[in-house]
C-alpha cells in the first residue's frame, strides 16, 4: 500500500502514526512546506518527507488530503495533471463537498471523504466515511485504512458535518470533561498527577463498559446510584447546573459553525 498524505499538519501526522502501525503499508509520503516539524518521521525507512506534492502524488496509490480548506482547491488543481485513474483520493478536509472535488478531478475518479480524529495516532479514532458513486468500489479499502487506526462507519455525505462535530470536535469536548474531573479531584485533595490518572482511567473505564456491554448509559448509571447516595446527589447537582444541556448546546454551536465554514 503506497500512501501520500498531502499536508502533514496535526491531523495528517496523527493519520501517519496510525498508518505506520499497519503492516500493509509499504511507502508513505508526507508533504509539508516546513519539513522540520515532521522530521521525527524520517526514522522509518518507509517514509519520505518532501515539500513536493507532485512527487508524492506520482509515487502513491492512495492520496490523503489533509490541508487547510482554503488551500485545497489550488493544490488539487496543481496536482491534477499527475493523477492516475487508479488512484484513490481521500479528503479529510472540513466543509469541502465531494461534488466540488468531482468538479476538479471528474466523476470517474475514486473520491472519498472521511473525518478521522487525532486519536488515530494511538489507534483509537472514530472515522466516518462517505464516497462518490465511483468511490463505492473502494469503500472497503478506505475502511481497512481507517480501521487500522481505530473504527470506521460509512454514512451519507449529508451527515458528515454532524459526524465531524461528534467525532473530531468531540475529542476536545471529552478532554475538557476530563480536565474538569481532574480539577475536582485536586480540590478534594489529590496531587495533580494522581487526579489526572484517576480522571483518565475512569473515563476510559466508562467508555469500555458501554462498548463491551452494549448497554445504554442510564443502565450503567443505575448500577452505581443508590437512594440518597453520593452519586445521585452529584448527578442531580450537575444537571441542575446544566451539564447535559450545556454539552448539547455546545455540540449544536459547533454544528452551526461548521455549516458556516461550508457555505464560505
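Even glycines carry a Cβ here, placed using N, Cα and C.
Predicted automatically and left uncurated, TrEMBL annotations should be read as such.
Marked as NADP(+) binding site by TrEMBL: 6, 7, 8, 9, 10, 11, 66, 67, 68, 69. DSSP classifies residue 66 (NADP(+) binding site) as coil under the three-state reduction.
If you look up TrEMBL, you'll see 53 marked as NADPH binding site. According to DSSP, residue 53 (NADPH binding site) is assigned to a helical segment.
According to TrEMBL, the domain 'Pyrroline-5-carboxylate reductase catalytic N-terminal' annotation covers 2-93.
Residues or ranges marked as domain 'Pyrroline-5-carboxylate reductase dimerisation' in TrEMBL: 157-260.
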By a three-class reduction of DSSP, residue 10 (NADP(+) binding site) is assigned helix
Expressed in angstrom and rounded to a whole number, the NADP(+) site built from 6, 7, 8, 9, 10, 11, 66, 67, 68, 69 spans a maximum Cα-Cα distance of 14
Least crowded of the binding-site residues 10, 53, counting other Cβ atoms within 10 Å of each Cβ, is 10
